[in-house]
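Worksheet: the structure to be examined is printed underneath.
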Amino acid sequence: MLTLTPVLTVSYEAKISFLFLSVVEFAVGIMANAFIVLVNFWDMVKKQPLNNCDIALLCLSITRLFLQGLLLLDAIQLACFQQMKDPLSHNYQAILTLWMSANQVSLWLAACLSLLYCAKIVRFSHTFPLHLASWVSRRFLQMLLVALLFSGVCTALCLWDFFSRSHTVVTSMLHMNNTEFNLQIEKLNFFYSFVFCNVGSVPPSLVFLISSGVLVISLGNHMRTMKSQTRGSRDPSLEAHVRAIIFLVSFLCFYVVSFCAALISIPLLVLWHNKGGVMVCIGMMAACPSGHAAILISGNAKLKKVIVTILFWFQSRQKVRRVHKVLPRIL
C-alpha cells in the first residue's frame, strides 16, 4: 500500500512562494482570457458580427476567468486557513466543488467547438454526416445554448447535492461523539461529491474525443490525397486541420493534467495530509487555463492581428517619446 509522510504544515517561505506563483498564474490567466473577451466584446460594440467560433471562444474565456478566480481563492484558503490536521473546511470544499462545475462547463464548450471544427473542416462523403455537419453549422448557437443549459442543470444538481449532504453530515456530527467516525463520514462525503460532480463530464468528453478523432482521420486522408496530387506550397485545408488539431490536443492535454491534479489532490488532502503536494497540484491546475488561452491567441488570426496592432502602437509611442526627449537638446 502506498504511504506518504504527512506534511501537516509547510515553511513560511514555501507559503510565500506558493502564493506568489498563484498570483502570477492568476494575473497571466486573467490578462490572456480578458484579452479574448475584450476583443470580441469590442467587435460587438462596433456592431461587427461574431462568427460561431468567436462566440464559443468568448464563452470559454468567460468560464476561464471564473476558473482562475476560484483557483486563486483555493490557493489562499489552502495556504492561510486550511490546516492539514483539521477536517476540510466547508469553504475549501465549496471552492473545489465550484471549480469542478466550472471546469465541466468549459468541457462542454470545447466539445461544441470541436463539433464546429468538424463541420467546417472535414469533407464528408456520406449523406448522413453531410446533413449532420450542415445542421451543426446552421444550429450552432442553439446547440451552444443547450450545452450551457445542460451544464447549468448539472452544476445546480452538483451544488444542491453538496450543500444538502454537507448539512446532513453536520447534523449527524452534532449528535455523535465519535470524532474519528465523523471524520471518515466527512471524507466519504467529499469523495462522493467529487465523483457526482464529474459524472456530467462523461457526455462532453465522449463528444470531444469522437470529434477530435474524426479530425485526425480527416487530416490523415488529406495528407494521403496531397501526396497523390501536385499542390502548391500553401494549402488552406491543411492549415485549418492543423490549427484545429493543435487547439483540441492542447485543450485535451491541459484538461487531463488539470483533472488528474485535482484527482490526486483529494487523497493528498484527506488521507495523507500532504500540504506541499496539494500546493503543487493547485499550481498545476491554475497553469492550465492560462496556458491554453495563450495557445488560443497564438492560433487565432483576429487575436494575433490585434496584438500586432497593440505592439505597433506601443512602439510608435516609444519613438514619439524619444523624439520629444531629443528635440529640446537640439533646440
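Backbone N, Cα and C atoms are what each Cβ position is placed from, and that goes for glycine too.
With respect to the membrane, Arg165 and Pro267 are recorded by Swiss-Prot on the same side.
For the transmembrane segment (95-115), same-chain residues at least 6 beyond its ends with a Cβ under 8 Å from one of its own Cβ atoms are 53, 56-57, 59-60, 63-64, 66-67, 70-71, 73-74, 77, 136, 140, 143-144, 147-148, 150-152, 154-155, 158-159, 162, 193-194, 197-198, 200-201, 204-205, 207-208, 211-212, 215, 244, 247-248, 251, 255, 258-259, 262, 285, 289.
Per-class residue totals from DSSP over the topological domain 'Extracellular' (265-276), listed helix then strand then coil: 8 helix, 1 strand, 3 coil. If you look at the transmembrane segment (277-297) against the transmembrane segment (199-219), you find fewer than three C-beta pairs under 8 angstroms, all six or more positions apart, and that falls short of contact.
Listed as Cβ neighbours of the transmembrane segment (199-219) (distance under 8 Å, sequence separation of 6 or more from its ends, same chain) are residues 103-104, 107-108, 110-111, 114-115, 117-118, 121-123, 147, 150-151, 154, 157-158, 238, 241-242, 244-245, 248-249, 252.
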